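Residues or ranges marked as active site, charge relay system in Swiss-Prot (evidence: similarity to another entry): 67, 112, 206. Here Swiss-Prot flags 31-165, 100-258, 144-212, 176-191, 202-227 as disulfide bond, drawing on sequence analysis. Feature annotation from Swiss-Prot assigns domain 'Peptidase S1' to 25-251. What Swiss-Prot records for 105, 172, 213, 255 is N-linked glycosylation site. Here Swiss-Prot flags 1-18 as signal peptide, drawing on sequence analysis.
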């Protein structure tokens, strides 16, 4: 009887995992074409490879994750379908890139942030509009929107033609500490996801925004080995903690340092 019960429990766990994986911009749907005017697609100029996403914060600047960096970057604005671009799509290249100290000085829990100055400003249009920086930090329990052209599967790289969106929850930092024991006691990151699994950012979604209660609060940074897995939420660079750094660089003070 005990053996039968153990086998039954194992079967339930397997079915539960299979369900979460299949639901796995894992677990989302195609974004509304009008809800991501600020979303930027990043490419490596030399290889043409897709590198992730960024957020347009004013006509000349894009905020993304440091680990999305390549030597020369192409940025596409007003993009929804990659195969059938919007008529108002605009393309720019990186003129300057700014990091916390260097493009290699970041970790899973600190300083995974990059500010890109464009070679020339973009113009607002039907599908292009900057997203404002936050005026206050987010609250645990907030409903947050994730989006990107990242893989739809955690077992193989399946990049969609259009960005996918999903709603997740802003969690306590302790939830990420429980999942990832290597995390320090404090971090300038946000912990977000669905603890029951099923919705998550994944490979290719890096650098994209975490929008909590309508406000830009985080930058997709990293997560568990499997996307959308139970009790393995994602980590997002906390935008609010880097406001002084961002605003100082945009104002021309490039000697400013990131918060410790």
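Backbone N, Cα and C atoms are what each Cβ position is placed from, and that goes for glycine too.
Shown here: features listed in Swiss-Prot, placed on the structure.
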| residue | record | Cβ contacts under 8 Å, 6 or more apart |
| --- | --- | --- |
| 67 | active site, charge relay system | 106, 112, 206, 221 |
| 100 | disulfide bond | 66, 106, 111, 113, 245, 257, 258 |
| 172 | N-linked glycosylation site | 140, 191 |
| 176 | disulfide bond | 183, 189, 191, 233, 235 |
| 212 | disulfide bond | 138, 142, 143, 144, 145, 170, 192, 218 |
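Neighbour count (other Cβ atoms within 10 Å of the Cβ, all protein chains): 13 for residue 213 (N-linked glycosylation site). Taken residue by residue with DSSP, residue 212 (disulfide bond) is part of a strand.
In the three-state DSSP assignment, the secondary structure recorded for residue 67 (active site, charge relay system) is helix. When the recorded positions 31, 165, 213, 255 are compared by Cα distance to residue 202 (disulfide bond), the shortest distance belongs to 165. Of the candidate recorded positions, 31, 165, 213, 227, the one lying closest to residue 255 (N-linked glycosylation site) when CA atoms are compared is 213.
Closest to residue 213 (N-linked glycosylation site) by Cα-Cα distance, out of the disulfide-bonded residues 31, 165, 227, is 165. Highest Cβ count within 10 Å among the disulfide-bonded residues 144, 165, 191, 227: 227. In three-state terms derived from DSSP, residue 176 (disulfide bond) belongs to a helical segment. Listed in sequence order, 39, 80, 147, 162, 163, 164, 165 are the same-chain residues at least 6 apart in sequence whose CB falls under 8 Å from the CB of residue 31 (disulfide bond).
Within 10 Å of the Cβ of residue 258 (disulfide bond) there are 19 other Cβ atoms, across all protein chains. In this structure, the recorded positions under consideration are 206, 255, and the one with the smallest number of other Cβ atoms within 10 Å of its Cβ is 255.
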